[in-house]
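Quick notes on the structure that follows.
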Amino acid sequence: LTDKDDLKKEKRVVCGYPISIFFIIVNEFCERFSYYGMRAVLVLYFKYFLQWDDDLATSIYHTFVALCYLTPILGAIVADSWLGKFKTIIYLSVVYAIGQVAMAVSAMHDITDSDRDGTPNNMTFHVVLSMVGLFLIALGTGGIKPCVAAFGGDQFDDHQERQRRTFFSVFYLCINGGSLLSTIITPILRGQTCGIYSQQKCYSLAFGVPAALMVVSLVVFIAGSGMYYKAKPEGNIMLSVCKCIGFAIKNRYRHRSKAYPKRKHWMDWAEEKYDRLLIAQIKMVLKVLFLYIPLPMFWTLFDQKGSRWTLQATTMDGNFGQLVIQPDQMQTFNPILILTLVPIMESVVYPLIKKCGFNFTPLKRMTVGMFLAALAFVCAGVVQLQIDKTLPIFPSTSESQLKLLNMGNNQLEVHLPNNFTVNLPPAQVKFLVLFLQIDDLTSKPEEGNNAIRFVNGLATNVNVSTAAVDFGIIEPLTSSNYSLLKNGKHTFNLKSGSQSCEYTIKFGFGSSYTIFIPSTFTFGPNCQESITEVEEIKPNSIHMALQIPQYFLITAGEVMFSVTGLEFSYSQAPSNMKAVLQAGWLLTNSVGNFIVLIVAEIAKFPKKWAEFFLFASLLVAVCVIFSIMAYFYTYIDPMEIEAQFSQEKDEDEEDEDEKDKMRKTEEQMVKRDSVKSNDSDNAFKLSKM
């Protein structure tokens, strides 16, 4: 038995499975909950806590996601060439947990809220701490990504192939289960209010729970330390591939003169130093990587479901009857649909297409997946057009809004400059856009809240309060400041001296009201009837359910593109080059997120629907290019090619053996002749003597 076999023989087994894998599965569930939970609320944290605009929030979000898909390459190299998988997971999980804790601390507004008004006074502290936290998280989650699944696979013996397959199925289920639960729970936590001096949206709790789960993940993984089989680092194939490609390029440059004969492929210039089989394997990988060139555009669209689509949901109505959906909870449709569509595609759709006689190759599936993603963004653009129709028209940068309020009992005729006349009914408000400077709302209330203020038309002071907000004492013929209230039914208490009145109103999402207490108002059982509500900004009327079609299309596209793409890549790559293709695949995701960053910062479309249609058009164009590339692609069997090279190598070795035998035979014959010659000389000498 080898050392590896000895180590594995000693491990404990439960129901035919190594007990160590249960620690790995729990670790993966907690880690995925931590990552997706934090990511679900991240773009809203940028927009509402750090007070960034939509474009900056989107740019930083996608920069973070891009880093998360770049660092796995670094993690794989460190694990395979230096530390090994176990130590890499431990060390980077500690970095990961520190990053999550930093994010939770950065979201505590009370730390720098010196005037205790609910807004941090030193925003630089929160921005710097959150950026450090995100960098550590990207380094941690990316670094352990290629290690955990492979480390779990190492725990099985060669004869446990069935158990290994089951492990990977459960492992994938844990990834989606953690994603699903976290995208449901963390938005609920974010919607709570917390704080020491003032109650604000609880982003610290929304980040704190994922941080706690990451600590649990690390503790669980360490707890199983004594039960793991820990393979020693054996070198990383990616380094060998890079060195071979680098030598081929360098050697080709040295022999660029026409005096040297051309070779069939530029990688053949590495034959002077590297094995022909390795060169052939790299050629196969490069052929697949060439097909990867158009793929980043798919990820450009796909990952915007966590940024642009979430921001779109903030301007929509999330009331589903008894259930109120938060904007960031719409992302839960993705893991739900994945768990539903993957078995349906594999067991129903693909077999049905095959029965119809259509050769639905992997590259054709990927093309259809890209097209579905483009359709999803067309749907998003159409939804945005409907949202824009409901948005109020606010003054431009050179204009202001003037509100005229008639607090009397008779209609008024108001004469304004430039012979402009307005008829103003009693207890009514008129809105005009003029070149004036008046402090008022210039945008819809954020996070689906409702901006409410009261105007007191009485001759006495009125104290207005509700369970959530205290408007304070409103003096005669003045108004209160705007206060933000959640959607739903609210009861206001109006008091003046010993008299009181209860006034109830139901709000939607994102509206603004001025509630007018007229001069004719009297306290009593019917006091509510004389109060007038003036709707300044209409509530969100486009329902979040309209986002479901775009989530369905993007998820169907993901199933056909991502799952099939990995399957195709693995089938077309040599057995020892899987890691190289995995790195290339993750790199396409990273590049796709950088494309979003470039478009968000450079294009800056005034209308979001135009940006959605632009991305859809770009993906359709890329889809056409990819379909042409796929048409000319020839499928190969890497095992057959490797077998041919192995056979040639064996034949070469046999030839070398024959040549060695012949050389040895010749040497022996020469030696015999030399001995005979020496004997003859000796006999001649003796006879002469």
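Heads up, the Cβ atoms here are built off N, Cα and C, so glycines get one too.
What TrEMBL says about a protein is an automatic prediction, not a curated fact.
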Of the ranges 7-28, 579-600, the one TrEMBL annotates as transmembrane segment is 579-600
Counting Cβ pairs under 8 Å that are 6 or more apart in sequence, does the total for the transmembrane segment (123-144) and the transmembrane segment (365-387) reach three or more? no
Per Cβ pairs under 8 Å, the stretch of 89-111, 165-185, 284-302, 579-600, 612-633 packing most closely against the transmembrane segment (333-353): 165-185
Check the transmembrane segment (612-633) against the transmembrane segment (56-77) for contact, please; criterion is three or more CB pairs under 8 Å, pairs 6 or more apart in sequence. no
When you scan the chain for residues with a C-beta under 8 Å from the transmembrane segment (284-302), skipping those not six or more beyond its ends, what do you find? 241, 267, 363, 369-370, 373-374, 376-377, 554, 557-558, 561, 565, 568-569, 572-574, 577, 580-581, 584-585, 587-589, 591-593, 595-596, 599, 615-616, 618-619, 622, 625-626, 629-630, 633, 636, 638, 641
